[in-house]
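Asks: The following block contains the structure, expressed as structure tokens.
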Amino acid sequence: MEKISVAVRFRPPNPAAADSSPAGAGDREWRIDDTRVTLHHRAAGPIPSGPFVFDHVFEGAATNERVYGTVVRDLIGAVVDGFNATAFAYGQTSSGKTFTMNGSDVDPGIIPRAVRDVFDTVRQTDDREFLIRVSYMEIYNEDINDLLLLEGQKLPIKENLERGVYVAGLREEIVNSEEQVFELLQLGEENRHFGETNMNARSSRSHTIFRMVIESSAKNQTDSGDPIRVSVLNLVDLAGSERHNKTGAEGVRLNEAGHINRSLLMLGNVINKLSENGKQRGHIPYRDSKLTRILQPALGGNAKTSIICTAAPEEMHIEETRGTLKFASRAKCVSNCAQVNEILTDAALLKKQKREIEELRKKLQGSHSEVLEQVVLKLRNDMHKSELERDRLAMELEEERKLRMRLENHLTEQQKKLEGLDNTSISADQFTDLIQLDALKTPDSKYKPDGFVARRSRYSDDTDFSPIPENLDNIADDDLWTRLNKGCVTDLDMLEMTPGLKRETSFVQDATSAAPLEEPTDARCERLEKDCISVRQQLEESNVRCAALEKECTLLRDKNSSLQQELSDSKREANLLVAEKQAQLDDSIARCVVLERELSMSRQDADRLVTEKQELAGELGVERQKMEELKQDIRVISRAFSQREGQLTSLYTKSKAILENCKASHVATLP
């Protein structure tokens, strides 16, 4: 069991509302302390009503990014893992619900951020493959409309063991990127009902539910019995509760406000029942409203749920804000039992289509892959749409058949009623002429000359058969009639009246066709005949509609067959592409074999060159060694030459010195 996560968000104060208040800012204000909201009197302090405590409380400066990261982001991972999840905004009109859910271009709301996170999480999950489909509906004046289709109006709610509670005939579009989802959201917003009131220039006049159905299965699974996870993410933007004396709603707007307040009241009743103790809870009125019926899994069921209650901080809205906080406090006591949804049957759309496209996904490579991916996605969308349309037509056909059965039963009962009136005896005191007797007879009844029955009392000689007259003339006389009747003569004295029969009461009485007991029988017969004619006409019209629906079903079956043919054609094209790629691959393999041979020869040449290089390198090393030895010899010779040169230089210096000394001594010895 897991408690519903409840957060409260106060929008920034509205300067226009404060200026319009006679007391300016007012004497009372709401104060936020972490997860606590308290009503304070500016002079006397806290009001004794007590604080309201929630999981999260956001002040007016909080952004949509902060609200989403705190309240909703954890739900996205749970949805991708197979849990159902729901997030919706609740509060009075003009308190910021639509801004919280949709946001703006600068600060996107919960819905666009959730869509991006879903696809980001799916891309990061490598061990599973996903199929995502979306739908967008609104509840306007207690009628469910499909916002993705202009003609998808007044859809019914159905329930079965396989799908649970669902909206029959709702369009579900298969998507593979967030851009496609945003295009569908834009289309839905254009079809949504908005209106202007004194409190909001663009007020939501309907509840909207954006739904993402996420199916996933393990990659590369071969066992058809492996489970498929099917989870649902509901993002709900509720219309705001309002008081007509504040909004100035009149006419159509007043009627819309009545339906909105009634559905929100039913939602509050469901929350009240769920917040009670188990023994005192009793019946939970989910069926009192279409909103609570659709949100039944999210309220006390198999889902993770987050509620964002928006509130206005102005003093003029204190009572509405107090009601919103009480609703949030009761919702905080509700528990859900969320579990992973795994399907082992072929009911999951992903499992139904996976076998048909698994080979195509493996083979889609090359230049035609993007085109074929788009073709396959389009075929899957068309097939899914045709299945939904076929279900819708089958449902309408079943309703027409039930209507036809009711009309046939009604017609049968009316005919029995007429036959009973026709067989009823009529006394001579009530009707004195034959015209009144003929008025009681239906066109199908046999004509009788009068209301008397003759009884044969005396018989002549009993014969085996009537004698055949010898000559039959064109004119029958009394003697001929006597012979044909075996001699029987009617005793007029024994004529008796038909005994009166009690008139049986009809089992089916229509309020529009009911007549007083004093109504004349002929007028009643005429009225019943008219009713029978109208019932027959309705039956014929019903038969015509049934024939049209059967024809449309046949067309849809043909269309489905054509789609399957197109899918098989795309499979053949894919097989041809695969064969072409296989041929190219074979050519590439052959070229690779040739290249491998050339590469082998090149490797042999390279090895030979390497060997020669190594030999040359060895010879070069020997030559270098010899060079080094020669250099060493040259160095030795150079050193010896240098030494010899030094010796010669010193000898030359000494010789020169000796020569100079000799010259000096010779000069000294001269006289």
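The first residue you see is number 1, and the count goes up from there.
Glycine too: its Cβ is placed from the backbone N, Cα and C atoms.
Sharing the features that TrEMBL gives for it:
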BINDING   Gly91, Gln92, Thr93, Ser94, Ser95, Gly96, Lys97, Thr98  ATP binding site
COILED    340-424  coiled coil
COILED    525-633  coiled coil
DOMAIN    3-334  domain 'Kinesin motor'
Asks: Mean pLDDT across the coiled coil (525-633), rounded to an integer, is what?
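Replies: Mean pLDDT, the coiled coil (525-633): 79.
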Asks: To see if you understand the setup: which same-chain residues, six or more apart in sequence, place their Cβ under 8 Å from that of Lys97 (ATP binding site)?
Replies: Ala89, Tyr90, Gly91, Ser204, Asp237, Leu238, Gly240, Ile308, Thr310
Asks: Check each residue in the chain of Thr98 (ATP binding site) that is at least six apart in sequence and keep those whose C-beta is under 8 Å from its C-beta; list them in sequence order.
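Replies: In sequence order, Ala89, Ser204, Asp237 meet the Cβ cut-off.
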Asks: Under 8 Å Cβ to Cβ from Ser95 (ATP binding site), same chain, six or more residues apart: give me those in sequence order, or none if nothing qualifies.
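Replies: Spatial neighbours, sequence-distant, of Ser95 (ATP binding site): Arg11, Gly240, Thr310, Ala311, Ala312, His317, Thr324.
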Asks: When you tally the Cβ atoms that lie within 10 Å of each candidate's Cβ, which of the binding-site residues (Gly91, Gly96) has the highest tally?
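Replies: Selected residue: Gly91.
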